[in-house]
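Participant: Pulled these from TrEMBL:
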DOMAIN    3-83  domain 'GST N-terminal'
DOMAIN    85-208  domain 'GST C-terminal'
């Protein structure tokens with residue numbers, strides 16, 4: 001029997017968090033080996049396991065996988081969270097790309113200079129409420145189903161919930177104009193594996209604090 005997937009990353013969210021979410025949703029137990037110093041990262045690079053010298057790195061099914069999108073696609077397909085055909089997969093990809101763009105903005109916010117943070121936070125809220133969330137609200141309204149694609153839980157739903165919770169950390173009432181997304185958030189949050197991941201003590205990581213930001217800057221020479 002294959003061992004548990006092993007995740008190599010810093011002890012925070014970053015690009016690995018969506019991978020943690022997807023594995024947790026699929027009910028897959030995983031181990032984590034944290035990169036805590038510049039030397040830890042150099043050791044991985046020198047071992048030749050980082051194809052492009054970058055993390056995330058996930059050891060799974062005898063592979064050492066890099067590149068966030070490739071890892072997520074593999075996990076989604078392996079655990080039946082990637083639609084039933086090419087058209088459904090295309091929709092899932094489109095929805096995921098949208099939430100990835102939004103989450104990227106939020107992810108980099110704590111690393112930005114103090115004088116630009118307020119402006120960028122306002123931009124995140126504006127984009128979330130005028131560009132991204134209306135798309136998902138409309139999708140749920142148009143097909144009247146519980147999930148974004150194929151009326152079955154997919155990677156698109158998991159990614160959207162993660163994005164919603166991240167934007168609520170920026171503005172708690174951000175869903176006030178999106179009743180269907182509010183209901184969606186409640187439904188998806190209550191799926192047993194996801195509910196477990198959202199409980200304290202899970203492998204879900206907290207938002208970046210000053211200590212984590214300082215550690216990341218040191219490891220990656222930012």
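Heads up, the Cβ atoms here are built off N, Cα and C, so glycines get one too.
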Participant: For the domain 'GST N-terminal' (3-83), would you mind checking the mean pLDDT of the predicted model?
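Facilitator: Its mean pLDDT is 95.
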Participant: In the domain 'GST N-terminal' (3-83), how many residues does DSSP put in helix, strand and coil?
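Facilitator: Helix (H, G, I), strand (E, B), coil: 32 helix, 16 strand, 33 coil.
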Participant: Per DSSP, how many helix, strand and coil residues does the domain 'GST C-terminal' (85-208) have?
Facilitator: 89 helix, 0 strand, 35 coil
